[in-house]
Amino acid sequence: MQNNPDSHLAFFAERTEDLVYRLRISPDGTPEVLYISRSVRSILGYDPAEFYQNPSLLFSLLPPEERGLFLTIDGGEVECVWPLSLIRKDGNIRFIETKNVIHRDPVSGYFIVEGIGRDRTEERQKESDLRSRDRILEATSYMASELLTGKEWLDRIKGAIGRLGGAANASRAYLYQMNSGSPRLSAHLVAEWAADGVKAGSPPYLDEKDFEGSVEAIFSGMTIGGPLGALGPFGLTALRASPDLRSILIVPIAVQGMVSAVIGFDECRYDRVWSSSEVLALETAARIIGAAMEGEAHRHALMQSESRFQRLFQQAPLGMVIADHDLRITDLNPAFLTMTGYTAPDLIGRTFRDITHPDDLPGNEAGIQELTRGVLDHYRIQKRYIRKDGGEIWTQTDVAPFRVKGGLGYIAMIEDVTLRRQAEERLSESEEMHRSFLQHFQGIVYRSIEGEPVFLHGAVLEITGYTPEEIKTGNPLWESLIHPADLAHIRSRYAALYATPGDRFDEDYRIIIRDGRVRWVHEMLQHRIGGDGRLMIEAAIYDITDRHRMEEELSRSNEKLNLLQSVTRHDILNQVMMISAYTSLLSDSITDTECSRYCAEMERAIDRIRDIAGFTYDYQSVGLNGPVWQDLDAVVRRAFMIRDPESVALEMDPGGYGIYADPLLEKVFYNLIDNSRKHGGEGISRIMITCIEDDGDLCILCEDDGAGFDPTLIPSLFLNGKREGSGLGLLLIREILSITGISIEALPSQMGGAGFRIRVPHDRWRKEIYITPPAS
């Protein structure tokens, strides 16, 4: 049963985007959902009603390693924060940060957990992008010290390119410079770096004649990046030049306002989409390389080169500070002033020590000493700066030395990481949970982008007999494993899914594994559009062979049981018919009043036996066929026509409501009408069916103007044998409706007679017209 939060919190709970819940912890540590807010639909893909129908559903969504969490509760009212990873209905993992209050229920003695959870999944991806950017900026800081202050930049460019390629986690990195004075647009390879296990093989020359317009695109001044398949003719040309290439990023390097070189990054492992923060950091590195090239080409115009660097310095999105050998600040950029709240006159001439938090000074001093002795070429530290208003900010500061008159100077690149630092611990825990889930996942999860598999994990070998590499490379194709009897149907489902972005389906089917055996699997697929606009299929596959075998065995058992019930019922009714006939003959031949009364009681008992036999026939069919959408108006009117109570009129709201229920829904209204006719007395003349939409649910009121029933008997009306003359019809009604979560209760009628209220959950009705097949 749903357990709503306190009334003064209900408004908030049902309108916040966060997840609000109340759990009861059983003695074995299983959390049972008493209440969960509607936001669970957008966060986990489930409807609240699914948690109320299966209170342990939440427990099943936890990875196995987290399920013991609730066993740690040991008493007292406490507050705690739990980071949880939960499996969405579509198979994805969502990382939820929860805050909870735990107390013991004084009645049941069980622990009650009340809490609120916030989805942090997207933050995790953003923080991953920021870490990649940080690595690139660290390499950029190194290049700033090496290239901007060095006289012979070509001697150092190979090391700088290698460091930048490694920081970007690329397969290859290279630098091409345009050939000046050439009649055709061309360029030559200046430096190249390749990651371990990747073959270096960038073409030594780029010539417009050989590369069909690609050289012009490279030196157009635009950043070019992405998987080759998304880059059109340029991607095809790049693939011919480097057959192992999957994705590419080309960043132009401008010298004196003209593109004269490019720095490129190859990805050979997967179809990489470069994040905007990575591209921004690499473009910053390209500007630094461009400044270094400009300084080399125009040493005689040192002042112009310094002016260009100053523009870069002033426009950099990160804080940048230059200090002399005594760590006194000689220059700083607007980004650093914005970060700390100072003005330039406040800081020029002061040292880093003056604005560094006292607790962070030892680490800062140790790094400077390492730079001074030449032990390090740069260092990174997370430290706090004291803002002008007295507040503190956490920063990631990269410091590198450079030569100035009088000795060493220092350049620092400073990023505000206050918010990121707060998230780092949660991020680390979430990543560990994700890794643990994938390591222990008992099914198969995969992702394909535009038909190409990019991710495959789980119990592939255990389920299919083939390795993940074999499946991923299409040897064999997954379709070739599908049982021939199921192949056509599954292909049609696949085709419909691929043609409809946003569609999804669940399906059970058979596969033939490597050793020739047949296994049943359950596959859940979803077709969606990725952030880059490409079509993506995500799926999870589970081995359900054991479950399917048990279902078949259960079905066979039910068939045998139903056959036995039918034969037994038929035999009983034959004997009852004989008893009824003899009783009738006996009644006709008896003149004694007392004996006649006995015969009448025997006839009533015989009718009762027939009713019970009829009930067993109807009850045997409950749940036999799956629920279907049915036109409520047609169902009620058909039931009324079958019962056809004389001198009783049916009054019903206009139709248009569709109900998702067991095909025996017609039996529900037949029995309600029959009960009104049988027990309403001589004065019954009307039966009224009214529909009311109530807080998302649909309430169906069935009332009459008959004699009604004793209000004290209302709680026991649906219990077998609890009311004289009630029969088994109301018990059957309740069972039929409960198949799809529909409830029924008795209540006094506004018309003076008996009344029943049927409540249909919000996802089990809709305002349309349906064609309803007759109940069997």
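Every residue gets a Cβ built from N, Cα and C, even glycine.
The domain 'PAS' feature in TrEMBL is assigned to 25-67 (among others). Counting residue by residue with DSSP, the domain 'PAS' (25-67) contains 19 helix, 7 strand, 17 coil.
As annotated by TrEMBL, domain 'PAC' applies to 80-132 (among others).
The DSSP breakdown of the domain 'PAS' (305-360) into helical (H, G, I), extended (E, B) and coil residues amounts to 29 helix, 12 strand, 15 coil. Under the heading domain 'PAS', TrEMBL lists 305-360 (among others).
The domain 'PAC' annotation in TrEMBL covers 379-429 (among others).
The feature domain 'PAS' is assigned by TrEMBL to 430-492 (among others).
Across the range of the domain 'PAC' (505-556), the DSSP-based residue counts are 12 helix, 29 strand, 11 coil. Positions annotated as domain 'PAC' by TrEMBL: 505-556 (among others).
According to DSSP, the secondary structure content of the domain 'Histidine kinase' (665-764) in residues is 34 helix, 30 strand, 36 coil. Marked as domain 'Histidine kinase' by TrEMBL: 665-764.
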(request) Between the domain 'PAC' (379-429) and the stretches 25-67, 80-132, 305-360, work out which stretch tops the count of Cβ pairs under 8 Å. (result) 305-360
(message) Under 8 angstroms for C-beta pairs, at least 3 of them, ignoring pairs fewer than 6 apart in sequence. Is the domain 'PAC' (80-132) in contact with the domain 'PAC' (505-556) by that rule?
(response) yes
(request) Looking only at the domain 'Histidine kinase' (665-764), report the model's average pLDDT. (result) 82
